[in-house]
Amino acid sequence: MPFQKHVYYPLANSPEGPDASAIGAAPMAFVPPSAASGPLPFFQFRPRLESVDWRRLSAIDVDKVAGAVDVLTLQENIMNITFCKLEDEKCPHCQSGVDPVLLKLIRLAQLTIEYLMHSQEFLTSQLNLVEERLRLSLLDYEQSKQLLTKQAGEIKLLKEECKRRKKMLSTQQLMIEAKASYYQCHFCDKAFMNQAFLQSHIQRRHTEDSHLEYNTKAQTDRLQKEIDMLKEQLQLTRSQLESAQHSHAVRFSKDYEMQKSKEEDFLKLFDRWKEEEKEKLLEEMEKVKGMFMREFKELTSKNSALEYQLLEIQKSNIQIKSNIGTLRDVTELREDHLPCPQDFQNMLQLLDSQASKWTDRFQVLNEEHSKEKGQLLSHIEKLRSSMMKDLSADNVFYKRRVEELGQKLQEQNELIISQKQQIREFASKPYSSISELKGTPLTRQTLEPKSAAPTTPMTASATQNLDGASSLTMVHEQVFSSHILEPIEELSSEEEKGRENEQKLNKKTSLRKPSSTSPSPQELRTNLERELGNKLRSFGIGANIQGIPCEILNRSLKAMQVARHDLAKQMPDIQQIRESLEHQLICKMEEKVSLSSDRHHVPSMTTFPPEEVPKATQLPHKSRPLVRQRTVFTDKVSVPKLKKNTKESHFLRRFPSTKTPPFSSEEEPDEEDLLHAYLSPDSLATAATQPPKSSMSHFGKSAVKSDTDWTEGSEMDDSDFSPKLTGTSITIQTDTVETMALPQGSGNKAVPGMNPADTVIKKESLQELKCTDADDEDWDISSLEEEKSLGSKIEQREPPPAKRDPSCTQVQRAWGPVNPREFKEEGLHENEPSTLKSNLVTVTDWSDVLDV
């Protein structure tokens, strides 16, 4: 090949002589990258504008180059020789130009060299094109060869398939032509013309096999059924495995994507670090290069000064000769009479030492850079391994955590299902059994004030009914349902006698079981506080938190409103059900109020001190009418502001806190757990002793609030477990029932000094005092402090009656023991015209739990 390493070398059998071949063996020029892309443009000689580097030419030994075939030296000087300009060159001695004949010869040689360089580039480009075509043709040949072998294999397979198909077709044709005249024996290879011959053959030759055939058929059928069943099971397990594999693949792909993103981020950081290191290295290289250039400039300046001195010496010593002779004399003088050869040697040694010094320094810098790079790479690998270990540990921890949470969630779901099943069982039983199951001991304790047993607080099972996975809105709804009272319905005389007999029979069991099984009130309080604290911690509420933030409250209330709207969409007739139930309840209350007012008329009464109340006014336990509790959901009824006065005038005939819940009666046992209320006579006595604080207009405003506003405010107060709700939703109902039962409870004996109109005014003022703002957002104020402050203000404004029991001026906590004397001394006081206060059911003061 004439081209080796993109350099043109002429062939050995060229017509030129050995000198020409030696000269032509020099590499002319490297092939530019644009030469292989296509044909070269039109050739044109370049102008000569470069000056001759005489110093470089004088350093070349031509005989040595020709003898050693030093192509590299020729390659280094080919551009200067080809494109140098000799017209302006003058003799340093005579200052005359170059000989024209010699100049013409040199120009022809330059043009020849340039043309040869152009030819070399063109031939190199053509050679590259031919090599590329050859490579493509070889690739096509390999592909065609592979395709040919593949097609030969396919042809062979097709031939075999054709042979097999031919055999199959021939056998099928024979079977079709034979039709029914061909009968094959199942036990041997013999064939018969008809079925009779086949049967005789089987009886004669295969008697035992025929009996076995029937048995084998049954076995094969049974095995076939088992195989089908196993196939179905296999298909089911295969589908399960595919679904599990798909989920695993999805999880693995997610993990892989996360890991890949992390690796990409890490690679980006690594690339950024590499770029920074490259920039630093380039800066150092630039600094070293600048230093080299400065030293090189200094050396060139010194060298130029020495050359100038040398030229001055030559001008003074050499005579003027002809043009050609002067050139030869100059070279001879430079070779023979070199001024100061010791200085040149010193200069060369200095240059060599500096070059070796800088090369050593450069090598040291490269080694340091490689060491730092290796250290950083090892550090990166360590970081990556540690990161992977941490990620694996975190994954194991989170998987374990997810499994634990899943188990807890499953247990809670099972608990919820069991509780709902119990509620359904209670709902399916008769009403009397439900009342006995729910709170027979508790209601009997409230109805028999002679017993000295303390009021049993709410057990920890009520708090356990709250689901740990439910939201805060469900907690508010459950707490709201616990504060709803049941109306009191009077019984007939026969029912009273039957109930009294039943009470006498079950008195010991109903009263002794709570006292024997239930612990003391202090222990119950501590247990309830502990259970409540654990449940609040499970909801993420710490012990130091004094309330729920407004954002969480608003969000939970919005979620509750959305749920109610969805329920209203699912049941379009829910509003009609509410209105019908409300109408029925109001009608019943009006009938009972009218009947009681017609039969009993109360004359003007006089008040007695608490110690001087007659025995007739103090109602004993046996003379008090028994009550039957009925589960009724209560709520406020929105009243327009224009009818406020009419509503206030008929306040005794209306039941102001009556409303159906936002769900049907069928869903009541499944949706919410009703919490039993407990007796708090001291709190009722305190509420009765407090005089009115504001006018009746305040109660009207509080009663006029809309449906949604009341529910939001009441639930906000219920979440704090403060007794404010008992003032709004319980006391009004209590006073209304008291005014109904007043004539019956007094036993038709009038107490002098009391006016029914005054009683109504006092009851309305008491209702106004108990109505609180439902939209109050101050969750941390205790109801106990409010009632104490109200009691102190009342004492400042109006002096209490003489010989008043001090226990009535402050609210007794529901957790404390009940004083038996309070049941006996409870009668008609100044602000207590009703005798049924001890029989009413109130809500436990939950604020005590939060205060602790």
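The backbone N, Cα and C atoms fix where each Cβ goes, and this holds for glycine too.
Which of 63-86, 183-206 counts as zinc finger depends on Swiss-Prot, and there it is 183-206.
Cross-referencing Ser210, Ser492, Ser510, Ser649 with Swiss-Prot, the residue annotated as phosphoserine turns out to be Ser210.
Your range for coiled coil, going by Swiss-Prot and the list 340-384, 385-429, is 385-429. Residue with Swiss-Prot feature phosphoserine, selected from Ser520, Ser722: Ser520. On the 0 to 100 pLDDT scale, the region 'Required for interaction with DAZ1' (139-262) averages 86 in this prediction.
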